[in-house]
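Take a look at the structure below.
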Amino acid sequence: MAQVEWTALESNPEAINQFLGKIGVSSVDCVDVYSFDDEMLAFIPKPQLAMLLCFPDYRKVDAIMRPIYDKLQQEGTKVPENVFFMEQKIRNACGTFALFHALGNIEKQADMGHGPFRAFLDKAKALKPAEISGLLEKTSDLATAHEEAARSGETETPAGDKVEHHFICFVGVDGTLYEIDSRAPFPRPLGNTTPDTLVKDAGVHVQKLMSQMDNISFAAMAIVPKQ
């Protein structure tokens with residue numbers, strides 16, 4: 001069976017916020033993170049609930065991150081019971097998976113509403129991570145909302161295998177910062193965090209990855225309560 005393919009999302013807060021509205025989540029906003037310097041971080045509202053990161057070439061990141069995940073897997077690391085996680089089986093849907101990983105792990109901090117996402121999340125939490133992608137694929141109102149948000153972007157999205165950028169999510173769950181990559185086998189714990197420092201804490205790991213990739217450009221967006 002051929003893998004289902006969606007149109008890739010842009011790293012664009014306007015598109016993400018449009019997407020949030022269509023899936024019935026009105027309690028949070030997506031805002032740009034322009035820099036991890038303290039002066040710029042001061043402009044990001046608090047509490048900071050999650051951060052989405054888009055990097056331009058997943059192959060280069062894989063070369064660095066895959067050995068780290070392999071080692072953790074050999075050590076017995078699994079999906080924590082208190083972390084919402086789903087394995088991605090829809091091509092080009094990493095932006096939606098990253099956003100849904102953020103939303104699914106902040107439902108105690110933000111109202112998920114009573115729309116399509118809330119209904120999806122309630123069903124998804126009863127499934128195994130490998131099964132949730134199938135549920136999402138069959139949830140037509142979420143698939144349509146993704147497509148409309150993807151097509152609202154400012155640049156034309158390349159088709160098929162030409163899409164090289166990839167989204168991941170950083171989110172705090174019970175005081176622990178997790179890196180959640182829908183292509184990885186489980187969320188990766190990164191240490192302690194708070195709603196006042198989440199973007200700064202995530203930035204430490206992003207900057208380390210940037211330095212390993214010759215300071216390549218990344219795009220980041222924070223998920224914060226709607227003001």
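The count begins at 1 with the first shown residue.
Cβ atoms here come from the backbone N, Cα and C positions, even for glycine.
No curator has checked TrEMBL annotations; they are predicted automatically.
TrEMBL has this to say about the protein:
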type	residues	note
DOMAIN	5-225	domain 'UCH catalytic'
SITE	Gln88	site 'Transition state stabilizer'
ACT_SITE	Cys94	active site, nucleophile
ACT_SITE	His166	active site, proton donor
SITE	Asp181	site 'Important for enzyme activity'
- Out of the recorded positions listed (Gln88, Cys94, Asp181), which are within 10 Å of the residue listed as 'active site, proton donor', Cα to Cα? Cys94, Asp181
- Query: Averaged over the whole of the domain 'UCH catalytic' (5-225), what is the pLDDT?
  - Reply: 91
- Query: Which number gives the other C-beta atoms within 10 angstroms of the C-beta of His166 (active site, proton donor), all protein chains shown included?
  - Reply: 23
- Task: Mind giving me a neighbour count for Asp181 (site 'Important for enzyme activity')? Other Cβ atoms within 10 Å of its Cβ, every protein chain shown.
- Result: 25
- Once the chains shown are all counted, how many other Cβ atoms turn up within 10 Å of the Cβ of Gln88 (site 'Transition state stabilizer')? 21
- Query: In angstrom units, rounded to an integer, how far apart are the Cα atoms of Gln88 (site 'Transition state stabilizer') and Cys94 (active site, nucleophile)?
  - Reply: 7
- Query: Taking just the CA atoms, what is the gap between Cys94 (active site, nucleophile) and Asp181 (site 'Important for enzyme activity') in Å?
  - Reply: 8
